[in-house]
Amino acid sequence: MATPIAVPTPLLALPEGWTAEKDIKTVGKLSGATQRTLEPVGPYFLAHARRARHKRTFSEDDRIQAQERAKKVENDEDSEISEPEDPMMLARDAKDWKQQDHYKVLGLSKYRWKATEEQIKRAHRKKVLKHHPDKKAAAGRTDDDNFFKCIQKATEVLLDPTKRRQFDSVDEEADVEPPTKKQLQKGNFYKLWGNVFKSEARFSKIHPVPMLGDDKSTREEVENFYNFWYSFDSWRSFEYLDEDVPDDNENRDQKRHTERKNANARKKKKAEDNARLRKLLDDCSAGDERIKRFRQEANAAKNKKRLEREAAEKKAAEDAKAAKEAAEKAAKEAEEKAKADREANKKAKEAAKNAVKKNKRVLRGSVKDANYFAEGDASPATIDAVLGDVELIQGKIEPEEIAALASKLNGLKVADEIKSVWKAEAERLIGAGKIKEGEIKAFTA
């Protein structure tokens, strides 16, 4: 089992003139512990060594160290916050703190609303170290504390979120002015206007805020940008510019009057600010080539649809006209054909009628040529009987049959042959039931 080593409690301060080696040996002997070599470390030993080296008292060393720390703070912060001080600003009356630029007072002009709480605190420390009344009193200026009060007021406002927002709301130094026509002719339109809206975006209640983009932005992105900004919801207020309300409880009417006056003034400034922002948007959109391009594309698409629609309507009209003309032509042709058919039918009927008449004349002429099948001169009664049978047979048969019968009789001169033809026709009709037996007498005997 290892023997425990007793480690002496470190001393906060050692007598003057003692060396580190002597201290270690003496402590080892006094403690009775096993002797071993220890290396002195820590801030207390370093402070002791510094005082011993420079032969300073505690108070002298503390004062010199404080001066060096202050100088170090100034040197460290010069790298981040280094802004020349305006002589007019240094001569400002502390009572006019509402008209002072708080960021400029603290040397934070280039940061402004983007300055962090840590930056504000560091800037305050730097300014206090430089402009503290005690430091100026050491230089012989005993009554010069106005700018120090300005520093304190600036810090008070900027470290209070509500008061800082009120000041940022009216901080015109943070605004980016819209580009002029000359600037736009030489510079990048979207970069110049984009900086303006980046500055205005700090007032938006809604985040993220759509930015202007560039010439490659899509139609949807551009529309989203303008829709957002034309309905911009700003937290910007103007309480910072309010007239001070009297605290005198006895003058309540004056207090109410001042409050109403401040409320009306804020309302007016809010309306003016909204009009200013709308004008910025109008001016920006008026020169935005993307909107012109999108409008031309929309018009081209619209015209294309219109031309396609007109072409379709024209084609439909032409097709309808062609169909109508074709229908009219077909109707006319059909009418002409029907007329021709009627005329042809009429002629055919007339021809058939004439043929029937002719064939009937042949039929009647055949019995006449056969002397009505009588020996010698035929009597009127015989003639009537034969012609009656001829008419009966003609009335029972169709024109084609009449024509067929006429062709059989045509050219025959012998009475028996003629009678044989008529007899065969009569028998055919009797067999077909068209004529009753006994109705024909002249051709059946």
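Glycine too: its Cβ is placed from the backbone N, Cα and C atoms.
As recorded in TrEMBL:
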REGION    52-87  region 'Disordered'
COMPBIAS  57-74  compositional bias 'Basic and acidic residues'
COMPBIAS  75-86  compositional bias 'Acidic residues'
DOMAIN    101-171  domain 'J'
REGION    246-274  region 'Disordered'
COMPBIAS  254-269  compositional bias 'Basic residues'
REGION    299-358  region 'Disordered'
COMPBIAS  307-352  compositional bias 'Basic and acidic residues'
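Panel annotation: around the region 'Disordered' (246-274), residues 234, 236-239 of the same chain, lying at least six beyond its termini, place a Cβ under 8 Å from a Cβ of the stretch. Residue counts for the compositional bias 'Basic and acidic residues' (307-352) under DSSP (helix as H, G, I; strand as E, B; rest coil) come to 46 helix, 0 strand, 0 coil. Using DSSP to sort the residues of the domain 'J' (101-171) gives these counts of helix, strand and coil: 51 helix, 0 strand, 20 coil. For the region 'Disordered' (246-274), the number of residues in each DSSP class (helix H, G, I; strand E, B; coil) is 23 helix, 0 strand, 6 coil. Looking at the domain 'J' (101-171) alone, the prediction's average pLDDT is 88.
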